Amino acid sequence: MQPALTVFFMLLFVLLCFLGSLANGFIVLMMSREWLRRGRLSPSNTILLCLGVSRFSQQCFGPVYIFNYFLHPVEFTKSLTRQIICLHSDFMNSATFWFSTWLSVLFCIKIANFSHPTFLWMKWRLPSLVPWLLLGSVLISFVVTLLFFWGNHNLYQEFLIRQVSGNMSHREWNRRLETDYFMPLKLVTMSLPCSLFLVSILLLMNSLRRHIRRMQHSAHNVQDPSAQAHTRALKLLISFLVLYAMSFVSLVIDATVFIPSDSPWYWPWQIILYLCMSVHPFILILSNLKLRGVFRKLLLLARGFRVT
């Protein structure tokens with residue numbers, strides 16, 4: 001890739017991370033402000049706060065790893081700093097996937113209408129279980145991080161001691177490390193939250209379909225408040241589904257296809273990896289009435305300062 005194009009993608013990545021940090025920081029600030037004012041948060045806002053914190057943390061530490069690996073690939077791979085940042089990244093990736101999943105499940109339980117006793121029990125109990133679900137997500141992420149660290153540490157020590165027996169290059173060693181251990185581990189640990197996320201969307205779609213059919217049979221307007229609530233939630237979840245699926249697939253591909261720092265696809269690939277956590281907070285802000293109102297006021301205020 002030409003140097004000018006590399007610089008362009010690098011600046012685009014920095015801009016993406018900057019905007020994502022602003023959006024996630026805004027969500028964290030607003031939720032923290034509400035928590036301090038009222039002394040408590042609603043279940044959905046609690047998940048929003050945790051999701052915003054995890055993504056903001058990812059976008060602060062992630063670029064440090066990416067730029068260090070780009071500038072000093074061999075030295076950084078052998079450093080203790082890489083081990084620490086990878087530990088943080090593995091934990092935050094797992095926690096973010098779980099927080100996002102519980103947010104979609106809560107939307108589904110809150111809006112969907114089913115008469116099954118199990119669903120009614122979940123509709124009644126789930127909001128009060130949110131703190132425990134978040135705590136369980138943190139514990140699962142901690143265990144996943146230990147598994148990643150164990151495999152990374154063992155293979156890393158083998159690489160340092162044997163120097164890969166002189167028969168394997170640095171690139172081949174990274175590919176082997178990713179495909180033999182981390183790729184299956186990522187598939188197993190991410191499949192469960194992804195499955196729950198898909199189930200929540202399918203249930204919401206089925207609920208909307210049944211509600212519209214019921215309204216048609218009773219000669220009521222299809223665009224009643226319940227149908228509109230279903231549609232808004234479904235649009236939000238489907239837009240998130242695209243980003244969620246892109247993030248999941250990109251992480252799996254990242255574990256199977258090693259892209260070195262000198263590859264022309266290095267920076268475009270980093271942009272794809274960070275796209276979900278940078279774009280999705282803006283979708284959450286625009287879909288939340290209170291966040292959207294404050295965000296619009298801040299934009300008008302910034303525009304007023306620019307005019308003056």
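Every residue, even glycine, has its Cβ placed from backbone N, Cα and C.
Nobody curates TrEMBL annotations by hand; they come from automatic prediction.
Per TrEMBL, transmembrane segment is recorded for 6-27, 91-109, 129-150, 181-205, 236-259, 271-289.
Taking Cβ pairs closer than 8 Å, the transmembrane segment (91-109) reaches residues 43-44, 47-48, 50-51, 54-55, 57-58, 61, 119, 122-123, 126-127, 130, 133-134, 137-138, 140-142, 144-145, 189-190, 193-194, 196-197, 200-201, 203-204, 233, 236-237, 240, 244, 248, 251, 277, 280 in its own chain, all 6 or more past its ends. Highest Cβ pair count under 8 Å relative to the transmembrane segment (6-27), across stretches 129-150, 181-205, 271-289: 271-289.
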